[in-house]
Amino acid sequence: MATARVSLILLVVVLAASACAEGLRLPRDAKFPAAQAERLIRSLNLLPKEAGPTGAGDVPSVAPGELLERRVTLPGLPQGVGDLGHHAGYYRLPNTHDARMFYFLFESRGKKEDPVVIWLTGGPGCSSELAVFYENGPFTISNNMSLAWNKFGWDTISNIIFVDQPTGTGFSYSSDDRDTRHDETGVSNDLYSFLQVFFKKHPEFAKNDFFITGESYAGHYIPAFASRVHQGNKANEGIHINLKGFAIGNGLTDPAIQYKAYTDYALDMNLIKKSDYDRINKFIPPCEFAIKLCGTNGKASCMAAYMVCNSIFSSIMKLVGTKNYYDVRKECEGKLCYDFSNLEKFFGDKAVKEAIGVGDLEFVSCSTTVYQAMLTDWMRNLEVGIPALLEDGINVLIYAGEYDLICNWLGNSRWVHSMEWSGQKDFVSSHESPFVVDGAEAGVLKSHGPLSFLKVHNAGHMVPMDQPKASLEMLRRFTQGKLKEEWLAELPEQPMYAAM
């Protein structure tokens, strides 16, 4: 306890010195995280209008540990959808007071034997329905609220599950605040528990290959979740889950490395000047120090690290103004940088709510309550659990759109190259090759053994939205174990870019 107090005092001294050097006035009110939630929830996803879902109303009751699922036909669907297996459901989380996890299941448009893929949107606290209708789900929403087929939906080659998590996200809810999650242990245990009951209800999928995917803050969720699944398999807990790999898109995984890359990326993209670069870099040493304390001293240190390190990003944003930090080629339009308003309109429709079984629950794209609850988790390093998975043959794909600032490809590339595992030396020395889709280079791929890194061209933070065809092809090759093989005969090797 004494060591923790001394460390925090040292952190305050370092931060104060850095702030004085920069002329920065730090917020003094005790409600700083709440204020930050409104300003910075956008830094990994969207600004919500409400704290979280409200008004459970006539949501069907379900016993703890049980799953209640219904076959779904959404209003506005195109013709022919009745032949497919679309489901929505609630899982009543055991060992909680009242927590219910909402999910969609879209069976493959191909065959039942296709892999099972689970998708996790980041935030923390942002609904996976954002991905369902704007990224890689079966449909897109038009302005008149009708749905159109997404021909590049990931359900064309997989049985895909979209989950609202942690509790309080999207349509997942609890009437008891004690069910709010604050760390990856709680999040991953909930997801593992859900999978056990899901595969019990759907034994036809239990032996299929299983992959975990997601983006943004899922760079935290996914390594912990994959480790929990692998641990359960090794301990023969319940149903064996046939985990083959996981893919993280533009994720936040190793904050110490990724925050340090902000200024380098911003300078490389001509977003800031060299003088700005030198000035903002003065925040890096206190950020690194704060993250070290977070790894040893717990919640108070982690909150301090969040405040210190985000001064790097906020300083850059003061200079870039209205640039869309999810895609620096674009301007930020309105509060959200993207217009996802049709999603909340769609889920505000009574017929839609009745179809998916959520009663009168009010849908919120992103929850400030969940965001604030996870602030002490933000600066933790989730890379540390990945090497053990690689050593056991779990395939890992880290991909990143090249125009994203907030979880940029450079920071992701650096932590992947820095990761210590038995294949690190060979991975670092391996050559990069073009990722070719329909005869054109869609990205640059580097692979060795079970580890791959893909830099995706002409894409920002949300690769499936910006490059739907390339992202679908990426998933197909990854799940079929062909990510490395298929480009070998297409184009010759090209020079590597430097990994720093």
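Note that Cβ sites are derived from N, Cα and C of the backbone, with glycine treated the same way.
Taken verbatim from Swiss-Prot:
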type	residues	note
SIGNAL	1-21	signal peptide
DISULFID	Cys126-Cys366	disulfide bond
CARBOHYD	Asn144	N-linked glycosylation site
ACT_SITE	Ser216	active site
DISULFID	Cys294-Cys309	disulfide bond
DISULFID	Cys332-Cys337	disulfide bond
ACT_SITE	Asp404	active site
BINDING	Cys407	substrate binding site
ACT_SITE	His461	active site
Cα-nearest neighbour of Cys294 (disulfide bond) within the listed recorded positions, Cys332, Cys337, Cys366, Asp404, Cys407: Cys407
Structural state of Cys294 (disulfide bond), classified by DSSP into three states: helix
Cα separation, Cys407 (substrate binding site) to Cys309 (disulfide bond) (Å, whole number): 14
Which of Asn144, Ser216, all recorded positions, has a Cβ with the fewest other Cβ atoms inside 10 Å: Asn144
Other CB atoms, at most 10 A from the CB of Cys294 (disulfide bond): 29
Cα distance (Å, whole number) from Ser216 (active site) to the residue listed as 'substrate binding site': 7
Cys337 (disulfide bond), number of other Cβ atoms within 10 Å: 22
Recorded positions clustered about Cys366 (disulfide bond) [Cα within 10 Å; pool: Ser216, Cys332, Asp404]: none
Among Cys126, Cys309, Cys332, Cys366, Cys407 [recorded positions], residue with fewest other Cβ within 10 Å: Cys332
